[in-house]
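K.L.:
The following block contains the structure, expressed as structure tokens.
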Amino acid sequence: MALNLRKNHPLLKTINDALIDLPTPSNISAWWNFGSLLGICLITQIVTGLLLATHYTADTSLAFNSVAHMCRDVQFGWLIRNLHANGASFFFICIYFHIGRGFYYGSYLNKETWNIGVVLLLTLMATAFVGYVLPWGQMSFWGATVITNLFSAIPYIGQTLVEWAWGGFSVDNPTLTRFFALHFLLPFVIVGLTLVHLTFLHETGSNNPLGIPADCDKIPFHPYYSTKDILGFALMLILLVSLALFSPNLLGDPENFTPANPLATPPHIKPEWYFLFAYAILRSIPNKLGGVLALAASVLVLFLAPLLHKSKQRSLTFRPISQVLFWALVANLLILTWVGSQPVEHPFIIIGQLASLSYFTIILVLFPIAAVLENKMLKL
């Protein structure tokens, strides 16, 4: 009998088990497409980022001009930059949908996969933050100043830590060069973590919309889901290219077209849209250390999801009370995102505080209560 290389070769066997013969539940919906879309986002960002890095100069006197030079004088440099900048937005759209899917369908009960996923989110946020500093515009500079300054709230070691991160007494050339080094390194850390994420996922297999074991009815990944994934790729790339070609600056801040000036503070310092929910939570607490802790908690609370699961059912498919809470949480996050983009004045302050309070209340208090209530309803 002829040797089947795909199933016997040490390297091809790994690829085969992950992408071709992988047993997959037959009923997973389009919400399960976002994992592979994140893979495409990562590849796109690494390729465009590498091309940008070949023309970029990480020096305070040259960074802004090197980006302008790229957009004007490099073949398709404008397109590569627009794809990279907007690709970051799509990366976050996909990861938020991916996390939302995991939360809705109880995928967090695959604890290792979920925890690695949260670490991936934190790494992605760090990568996006240091990347935003590189063009050295006004919002790059002041964003870096404000966010790195938050570490000074840490008791005793805070100020030392911040000056160590800056490489001086303010955000300056050493900060820019190390941020460029980190921005180059972290995507490869993300690639490594992604492989670990997939390894843990394939230990248990994918969850499905019903939240029940599906071993009795699984189908091979290829050709069924490989085809479905390609449709997802096409749709996302069409949207990304459309945004990059028709409205590349839609999601950016006009302030970043002005070179960084340490002597002039922009009227409203705010991060990119994908950090606004966390920024709103940070601002809603009128104490520096308290705000920093709330900011950290807003993302780290995801680690608690498996511990807060009190329901006898895995997914929210048949849990109407928890469904209402889930969509209230989504609406709450949209409100936080909007408030984060507004100036710190009435009525935005109180709206932000109420939204921040309800964010933590829904996740930490109401979800477990609803689950216990639904368990009791099952006995009626």
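Glycine is treated like the rest: Cβ placed from N, Cα and C.
Here Swiss-Prot flags 34-54, 78-99, 114-134, 179-199, 227-247, 289-309, 321-341, 348-368 as transmembrane segment. Residues annotated as heme b b562 binding site in Swiss-Prot, with similarity to another entry given as evidence: HIS84, HIS183. The heme b b566 binding site feature in Swiss-Prot is assigned to HIS98, HIS197; the stated evidence is similarity to another entry. Marked as ubiquinone binding site by Swiss-Prot: HIS202.
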K.L.:
Tell me which of the binding-site residues HIS98, HIS197, HIS202 ends up closest to HIS183 (heme b b562 binding site) in space, Cα to Cα.
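P.N.:
Out of the listed candidates, the nearest Cα belongs to HIS197.
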K.L.:
Give the distance between the Cα atoms of the residue listed as 'ubiquinone binding site' and HIS98 (heme b b566 binding site), rounded to the nearest whole Å.
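P.N.:
About 17 Å separate the Cα atoms of these two residues.
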K.L.:
Can you see whether the transmembrane segment (114-134) and the transmembrane segment (348-368) are touching - at least 3 CB pairs under 8 angstroms, only pairs 6 or more apart in sequence?
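P.N.:
Since fewer than 3 Cβ pairs under 8 Å link them, the transmembrane segment (114-134) and the transmembrane segment (348-368) do not come into contact.
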K.L.:
HIS197, HIS202: which of these binding-site residues has the highest Cβ count within 10 Å of its own Cβ?
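P.N.:
Selected residue: HIS197.
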K.L.:
For the transmembrane segment (321-341), I need the partner stretch with the highest count of C-beta pairs below 8 angstroms, choosing only from 34-54, 179-199, 227-247, 289-309, 348-368.
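P.N.:
Stretch with maximum Cβ contacts: 348-368.
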K.L.:
Per the 3+ Cβ pairs under 8 Å rule, pairs at least 6 apart in sequence, do the transmembrane segment (78-99) and the transmembrane segment (227-247) touch?
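P.N.:
The transmembrane segment (227-247) and the transmembrane segment (78-99): touching, yes.
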K.L.:
Just to confirm: which same-chain residues, 6+ apart in sequence, have a Cβ under 8 Å from the Cβ of HIS84 (heme b b562 binding site)?
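P.N.:
The answer is GLN45, THR48, GLY49, LEU52.
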K.L.:
Below 8 angstroms Cβ to Cβ, which residues of this chain, lying six or more residues outside the transmembrane segment (34-54), approach it?
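P.N.:
The answer is 70, 80-81, 83-84, 87-88, 90-91, 94-95, 97-98, 101, 183-184, 187-188, 190-191, 194, 229, 232-233, 236-237, 240.
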